[in-house]
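These notes are about the structure you will find just below.
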Amino acid sequence: MGTPQEPRLAVEISGINLRNPLLVSSGTFGNGREYSEWLDLGMVGGIITKAVTLLPCNGNPPPRLWEVPCGLLNSIGLENKGVEAFLAEDLAWLNRFDVPVWVNVAGFSDEEYVAVAGMISDSGMADAIELNISCPNVKQGGLHYSSSPREAARLTAMVQKAVNLPLYVKLSARTADIKEMAVEVQKAGADGLSLINTFPAMAIDVETGRARLANVSGGLSGPALHPIAVLAVWEVAQVVDIPIIGMGGVWSWKDAAELMMAGADAVAVGTLNFVDPEAAFRIAEDLGSFAARKGFESVSELVGLTRRGGIV
Ligand SMILES: Cc1cc2nc3c(=O)[nH]c(=O)nc-3n(C[C@H](O)[C@H](O)[C@H](O)COP(=O)(O)O)c2cc1C
């Protein structure tokens, strides 16, 4: 058992018990190893691992990161060691810790997504899968799926057949109607949703006139993304009845509370992990204090509070 926390913080989503509702989001916490030097991994509510693909992938050429006011642009592009090495080296290692693990699965074709998700499920070492159909930094896969509800639903149904674990689908706000997307993905068998991925963006060095990122565009994360995430969660929570993990610019307990009040059942911390490895745990503790101050017996009482008329 990791660090005990007050029962008020415990939440359950898709039959998975979380010590607190604060997870760490994909690609911002490695696969936990580097961070384990700074904190007990059992202190976070859950870990969402970095995207894994069938074969090793180098990602995009550098520079791949650029800081902008209120956020970060990244064009990492799914760099990872491939599913076999991930299972043997990373997931097996992560299993030593008492913390639920969502594995973020990516691919460059339908078959690849299905194969990787099936291998993760068969390994018996993951608690859930997060299907990454919203990476803005790859030319195939990624946003191709999440800009078409039909394509997203088709892939979700294919992957659902291949797995025996709760299947979360990660969506982008860069879509004509995120509500329609969420409804179609739920109909296709998704067990939960992760909202939202980074938003496609670009920065230019005016001295040279060249793009800051070698890939030209990247994904915007951090505080600039937060209000977009709140709206996405708010809209989607009203049209689906599967759990939502809200994410996007969570910088403090207030941002986490906001996403929960908009309708998220749990929240993931992303870019802030680069600044403060203990952020998710600290935010969970602060959220617990807020819930206590407001007289809530469980943080789950925050979920969807805004639609229920707020705190009366
Ligand atoms: C450097 C970096 C790498 C990321 N890698 C992934 C990834 O591999 N898979 C994925 O689904 N999302 C990835 N994301 C998106 C985050 O998981 C998260 O959805 C997004 O950054 C919004 O949260 P934030 O504003 O708190 O960072 C990445 C984000 C960053 C900044």
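In case you wondered, yes, glycine gets a Cβ from its N, Cα and C as well.
Automatic, uncurated: that is what TrEMBL annotation is.
In TrEMBL this protein carries:
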ACT_SITE  Cys135  active site, nucleophile
BINDING   Ser26, Lys50, Ala51, Asn104, Asn132, Lys170, Ile196, Gly222, Gly248, Gly249, Gly270, Thr271  FMN binding site
BINDING   Lys50, Asn74, Ser75, Ile76, Gly77, Leu78, Asn132, Asn197, Thr198  substrate binding site
DOMAIN    9-289  domain 'Dihydroorotate dehydrogenase catalytic'
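Highlighted here are the binding-site residues (Ala51, Ser75, Gly77) whose C-beta falls below 6 Å from ligand 1: Ala51, in sequence order. In this structure the residues listed as binding FMN are Ser26, Lys50, Ala51, Asn104, Asn132, Lys170, Ile196, Gly222, Gly248, Gly249, Gly270, Thr271; their two most distant Cα atoms lie 19 Å apart.
In this entry, substrate is bound by Lys50, Asn74, Ser75, Ile76, Gly77, Leu78, Asn132, Asn197, Thr198, whose most widely separated C-alpha atoms sit 16 angstrom apart. For the binding-site residues Ser26, Ser75, Asn132, Thr198, the greatest number of Cβ atoms within 10 Å around a candidate Cβ is found at Asn132. Across the domain 'Dihydroorotate dehydrogenase catalytic' (9-289), the prediction's mean pLDDT works out to 95. Proximity note: of the listed recorded positions (Ser26, Asn132, Cys135, Gly248), Cys135 have a CA within 10 Å of the CA of Gly77 (substrate binding site), given in sequence order. On its own chain, Gly248 (FMN binding site) has Leu195, Ile196, Ser221, Leu225, His226, Ile228, Ala229, Val230, Ala232, Leu259, Gly270 as residues at least 6 apart in sequence with a Cβ closer than 8 Å to its own Cβ.
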